[in-house]
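Trainee: Before I ask anything, here is the structure I am working with.
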């Protein structure tokens, strides 16, 4: 596996080859990331992974400085997966000048849910992803469904900018107890780790309640959301949201759409101690 930090060197290595299958990451790799590498390979070699902890998507009180950086272990994992190139730029490599141009997602998608509680987050995500796409010029790019809203936004960005890349979703990988794998799970104490699967259990309960409705309507969904939030809060979680939304655009469904069988997804974010976890479940 070649490890490259310079953009021009990356382009030189990729020139004349098939267009890559690309998996962007922030490192601290776990089985969820590695499953995305395998999915990328199914869409063709060479597979290019990137590791870059993107300052632009962290807020002033978030964990940029403490975000786990495990480069040597990550390299070993990627080598075992047969990744062709690891693109691991420094900030100076990727942002040689201040990044004054930013990609601002539309408010109806970028300022809701995660965007409401992490202002500027998706602006930072879209900016770095577009820049990485420019560097790698991939045929396909793989993003995990655990970050459901991010996947939707990147897909829409690629479509609106007519980028020649297909966005492939990767299924969420979970621990045996149901907790979605995440680099931030390492922040959890032993007691918090034992409690953390409750987040997925609550989503499963919400799903069962929605499927059990004889007639779906807006008021019924709001009541289910309210009770689920209360359930988490009663277990010492600090929920930011539990929201039942349309899969297509993450907007709340109308009564007419619900009665027509609009596909739905449940999305949540909640803090357990100092660790903020996100998860989702399609209906």
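Please read every residue number as a count from 1 along the shown chain.
Backbone N, Cα and C define each Cβ position, glycine as well.
Feature table excerpt (Swiss-Prot):
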type	residues	note
ACT_SITE	33	active site, proton donor
BINDING	26-33, 144-147, 173, 181-184	ATP binding site
BINDING	57	beta-alanine binding site
BINDING	57, 150	(R)-pantoate binding site
Trainee: Near residue 183 (ATP binding site), which residues of its chain come within a Cβ-Cβ distance under 8 Å, counting only those 6 or more away in sequence?
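Mentor: Spatial neighbours, sequence-distant, of residue 183 (ATP binding site): 26, 27, 28, 30, 67, 68.
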Trainee: In whole Å, how far is the residue listed as 'active site, proton donor' from residue 145 (ATP binding site) when you measure between their Cα atoms?
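Mentor: Just about 11 Å between their Cα atoms.
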Trainee: Could you round the CA separation between the residue listed as 'beta-alanine binding site' and residue 150 ((R)-pantoate binding site) to a whole angstrom and send it over?
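Mentor: On Cα coordinates alone, these residues lie 12 Å apart.
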Trainee: Provide, as an integer number of angstrom, the distance between the C-alpha atoms of residue 150 ((R)-pantoate binding site) and residue 173 (ATP binding site).
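Mentor: The Cα atom of residue 150 ((R)-pantoate binding site) is 17 Å away from the Cα atom of residue 173 (ATP binding site).
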Trainee: For the binding-site residues 26, 29, 173, which Cβ has the most other Cβ atoms within 10 Å, all shown protein chains included?
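Mentor: Per the Cβ count within 10 Å, the most buried is 29.
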Trainee: Cβ distance under 8 Å to residue 32 (ATP binding site), same chain, sequence separation 6 or more: which residues?
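Mentor: Listed in sequence order: 144, 146, 170, 172, 173, 180, 181, 182.
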Trainee: Which residue, out of the recorded positions 33, 145, shows the minimum number of other Cβ atoms inside 10 Å of its Cβ in this structure?
Mentor: 145
Trainee: Per DSSP, to which secondary structure element type does residue 150 ((R)-pantoate binding site) belong, with helix, strand and coil as the options?
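Mentor: For residue 150 ((R)-pantoate binding site) - judged by DSSP and reduced to three states - the answer is helix.
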Trainee: Using a 10 Å cut-off, grab the number of neighbouring Cβ atoms around the Cβ of residue 57 (beta-alanine binding site), all chains included.
Mentor: 21
